[in-house]
Each structure stands twice: as C-alpha cells, then as structure tokens.
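Below: the structure, in structure tokens.
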Amino acid sequence: MERAAQSTDGGGGGGSNSSSRSSSRATSAGSSPSCSLAGRGVASRSGAAGLGGGGSRSSPGSVAASPSGGGGRRREPALEGVLSKYTNLLQGWQSRYFVLDFEAGLLQYFVNEQSKHQKPRGVLSLSGAIVSLSDEAPHMLVVYSANGEMYKLRAADSKEKQLWVTQLRACAKYHMEMSSKTTPGSRSRSLTLLPHGTPSSASPCSQRHLSTGAPGVVSVTRHKSPAAARRAKSQYSGQLHEVREMMNQVEGQQKNLVHAIESLPGSGPLTALDQDLLLLKATSAATLSCLGECLSLLQQSVRQAAPPSHKPGASETILGWHGPTSHSTDQLKNGTLGSLPSASANITWAILPNSAEEEHNSQPEPEPDSGPELVLSEEEQSDNEDKGEVEPGAMEDQRSVILHLISQLKLGMDLTKVVLPTFILEKRSLLEMYADFMAHPDLLLAITAGATPEERVISFVEYYLTAFHEGRKGTLAKKPYNPIIGETFHCSWEVPKDRVKSKWTSPHPPISAHEHPMADDPSKSYKLRFVAEQVSHHPPISCFYCECKEKRLCVNTHVWTKSKFMGMSVGVSMIGEGVLRLLDHGEEYVFTLPSAYARSILTVPWVELGGKVNISCAKTGYSATVTFHTKPFYGGKVHRVTAEVKHNPTNTIVCKAHGEWNGTLEFTYSNGETKVIDTTTLPVYPKKLRPLEKQGPMESRNLWQEVTHYLRLGDIDAATEQKRRLEERQRVEERKRETLRTPWRPKYFIPEGDGWVYFNPLWKTH
C-alpha cells in the first residue's frame, strides 16, 4: 500500500516518496479577524499548527475566506495541499492535490498542483459532512458527505492530519449552522449525524472515533404527506422538553466525570493525563455538543411548524428524532426504537445505547451449595423442534430495507448496537446456538478415553472441527436473537455409553445422521449438562458451561461478540476463550473461537468462518493451530479449514487435517494413518429441555416464545412489537438499577481475572 511520506525540514526534499510530500498550507482570504475561524468559535493555534519542517501553516486571521466579505475579490481557498486518497482495491492510495474552499463549503481535489486551475477531478460538499479519524492506516481521516459520498485520506504526519481535520470540521459546522438559520423548515436534503466524529468539535483529542456507547442517529426524514408532517411537528414540542431534561442530566454527569478525571494524581499508574482518559473527556464533550446541535435543529423545526390552516409545499421535510413520528414518548425519551414494523415500513435506523436489552430475572441468586444440578432431569424432554425449515431468498421489499440500512452505515462501523430488521432473525437465541455446537457429545466425551496426551489432544481437535456445522441452521445467514442480560438457557444430552470410545479402539457401528441415538436405560448413558447465561450487555458477553460428572469432564467458556459492517458483508468476532478440563488427567485445553462472516447480504446471504484459532495444553506441551480460510475474491473454495497438532517440546507435528468444516475432513497422523470424517453423516444427539410451561421467565425459549411464534407465522409486525416490549421492559429495569446504584449480578457465573467462570464448577466440587 502506497503511503504519503513525511516532509523534510523547510518543505523540500520529501521522504521516500516525494510525489506524496504534503505541502498543505492556509492562504489568506483577506478577511477580517471577525470573519476568521477564530471569530466563529473555532480554536486556531498558530503555534501548535505552525510549519515545522514541511507541515501545515494556520493562523487565526488567514485561515478562511469570509462568506460575506471580500466584495468582488477572487475567492481563495482556506487550505490546500497534497494528501493520499484511497481510490480502489487495485490502485490503492494515490497522491492528489486537495483544495478546501471554505466559502463554498467544498473539498476539491486535482491530479497535481499544476492542474488546480482546471476542472477538479472530484468535489465533495461539506455541508452536514462528518469528518472522523480511522485506524485503518497511519494518519488517516475519512470524510462522509451528507449525500453518502466518502473520501478516505491520509496526511503525511499527525500535525498535517490534525490541521485538515480541524479545518474540515469547522467548514462543515459553519455551513450546517448557516443552512439551519436560513431555511430550517423547507430543506429537502437528508442529513444524518452519526457517532463517528462530530463537526462541532475542534478539540484535537475529540477528533477520533467516539466510544461505542455514544448516542445514536438523528435523521432528517422526508414525509410525502404534508398532513403527516404537521401532525409530527405538533407531537414533538412536548417530547423535546423531555429530551432537554435528559440532556441536562447527562451534562451534569459529564461534568462529574471530568472532575473525577482531573482529580487524579499527577503521577502513578493512572494519571489525569492518561491518553484513554483524555480521549474519554474529549469524546463525551463532543458527543454532548453534537446532541445539543441536533436538539437545536429539532426545536427550530418545531417553531417553524405551520398552523392547521397552512398548506405547506410538497417538499417540506420533518426533523425526526430516531425514527417515524408515530412512536411513543417513552421511546423518544429512551433515544431508541425497536426493529422495523414491517419490511416496507418508513425506517430510520436507530443506534441503541444497549444491545437488545430486556428485563432481568428477578429470581433469587442460587445458593452456593446448590450444586451444578441446574434443572430437574425428570422434567426434561427430547427437543423435537424442527430446525430444517426451508428459508426463501431475500424478497424485494426486504432487499430494499437492507439497502436502506447499508446506506446509513459506514465501513468498519460497530453493529453491536444497531437495531436490525426482524425478518433477518433466526428463531433461536445466541445462547441456544452455543448449545447446538455440542450436538456431537459422543465425540466430546470420547476425549477422556484417549490413552495418551497425544490421543486426547487429537481427539479434541477432531471434536472442535466437527462442532461448528450443526451450530449453523439452514443455508441462509440468519441472526440469532441477541441475548438480554440475565437470560439463561438450560439443556442436557444423554449419550449411550457404548457410543463413547477412543478413536484408537474398534469403531462402533455407524448411525445415520437422521437417526437420533438414545439410551433406553438411563443407567447405560452418560449425562452431559449445559447452562448458558448473558452476563453483560456492554460489552455483550455470553458464558456457557457444560459438564459430565461420570467422565469428569467440563468446559467453561466466555465469548464477547463484536460485529462490524464490511460493505456487502458483516463480520462477527468472537472474542474470549474456553477451557476444557479433563479432571482424571489433570489437563486443561485452552481454546479460542473463529470469526463469522455473513456474505452477500443484498442477495442470498450465506455464512462462512474465518481466522486462526489456537488450542493449547500447558501440562502436556501439545498445541494445535486451526485456520478457517475465507473464500478469496476470485476462485477458491468455500468453508475450507486446515489444522496442525504439534508437540512443542520436541517440535514434532503429530497430526494434520484439511477439508471443509461443514463437509468432509481428512486427518493424517504421524504414524501414516489417515481418517476421513463426513460431518454431514455424523449422528446428531437431540437436546433435552423442559417444556415451556416449566421453564423460568428468563430462559431463552420462554422469553422469546412470542417473537418465535410470530416469526413462524410470518407476521413480522407482531414479532417486531413483541421484541420491542421485551426491550422496553429491560430498559425500565436498567434505569431502576442505575437509580438505586445496584450493579447487575449474574446468576450462574462470576468474574475471575479477565474472564468468567461457572459459580460451582466440577473441578471445585469433585
């Protein structure tokens, strides 16, 4: 990737790439100080931003042209210079000469400085634009225009980047203010303010991505019906008063935060000058500033509301707070809206302060001596729920909804707090999906039957590679329900003892994948119990634990799911780790999880896994590396996976594997033997669960049963409404906890170090 080189002292000589040498400079427009950026409230620091060896120069009196002054003078740019611009995947970064025209509110670029008097190669309007920093490349900034265009730019150094960001944001802010003062009630463009940066901030520290907890989206939405526009405006006056009250409370909390940070000592492990704390101060202030401007725009729109007798023009627009005007006051006050009422609804995507939260369980905490018996075994029944339903392709109205969503998102945007349309939901919770990874419990329990550490680690790798295919239901990429804080899922499996054998012993008779191996006599089977719980909502952390007392085996795992928008796909990173403990052997196998990707989200979405995961046992010295290969752009196979098991003390590879994680896997051992496993023919052991009427109120299937019911009927509106009710109940409970300053206490898991462990694990009780 070509990158801009830093300038040398005096602006000449350049770096390794002289064509990319940045020569940005501010030019005088002949404006008075009152018309300069400093006069508009933007802090210009001539000393800090001065020319220091080829950098940018800025002064308060000569930064920008006065929009109103200058008479018949030739209009001059506020800033110009060389930046690297990302063009496309093949050409990468290219040096271009950029000119910022403050008076016109335009960012233009040319091939080089000599061609700047010709027609520009590209022009980006800065009115209502968002300027944010990016970690994709050094000294990178991204400019998002209000019409959806985007420029990815790189400066030569941090000072150069800072100058451009400051001036671009000042220009965007100025023109947004001017447009809101002139015709606030008759604008026809669509403006979206996203928490990737804010044009209202001139602080250097604030010019980075806002935290993921930042508030969401304020959109200007066109209403075709003038009557609907008048009704919407009349509804907002009282609602905005409540928003103002909430803003006042948040401002007070932000002041307390700043005071607490500034009260920290000047030395020690944590000081008031800590980089992360400075960023926290800046982003919180910038967020409030942005929200304040949005609220001012909304208030101006309400004041401009026409009387009932007035007939506005067809182009009149409504400033909407997070969504359609028909939503309740409580939703507006919370700053959140539920998912789409239907696939063709009038939508504005809202970013939630918390990811799909619902009411927490009011059941008492488990007693410390209650043991790991989570549910009554005699109440459990085999799960007969049909998982093989055929899903149709994306319908046209659904595709338009997804396309609208994509237009609201930015590359790399965190989707953890984005409300997704209900029709893309899978009919199960994420906690149940983790349980479905255990659909081959015979392979898991067979690990303990290995006679040597080598046999056991290879058996674990075999189980690991065959676990993921059953966790994915159907061919289409569907999103499971986001577990709410306090949600739990319980199930178990019964595995006939004659099915649990080491791979080195004589193989047992094959069973069809459509057969469900069951033990008629419970005494002739092993019992594997499973419990999962959502222990945190920010970040969203799920924990699950399973154990088999008879085999003295248990698995404890915590996973933080972090999703990211990647254009035509969505990536989900599963951050965390699991530990498999074999108590009879004193071995602990630590493992991580791959990332998941939903591809082709506009047509027929499909899922693939990607990334490198590690499995290691400190006691035996064995480790394994498993690589899930994503499909390349051109050619290549899908769902490919490779693995290698190694004995670290002797640096010996004892096993290699390759194939497809949802198809055929071939294992080659150190003794020359090979083994082929077809995951599609492996027997699937059904889960055993209690019926819904005997499940607790916070157990996944009971909690989501109404949503699941309406999704099965195809009633998206009703499913969306049920989901919204769950979310609203949870927000009420969360506000109660905040008021009482009562921290959330998970029911079955406790924090330990950087992770979470089951409160009464097998290794502590046996």
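Note that the numbers count up from 1, one per residue, in the order the chain is shown.
Every residue, even glycine, has its Cβ placed from backbone N, Cα and C.
Candidates SER31, SER36, SER670 were compared with Swiss-Prot; the annotation phosphoserine appears at SER31. Just one residue in SER66, SER506 has phosphoserine written against it in Swiss-Prot, and it is SER66. From the options 178-209, 306-337, 722-753, the stretch Swiss-Prot describes as region 'Disordered' is 306-337. Cβ neighbours within 10 Å of ASN482 (1,2-diacyl-sn-glycero-3-phospho-L-serine binding site), excluding its own Cβ and spanning all shown chains: 27.
Its Cβ placed at the centre, VAL419 (1,2-diacyl-sn-glycero-3-phospho-L-serine binding site) has 27 other Cβ atoms within 10 Å.
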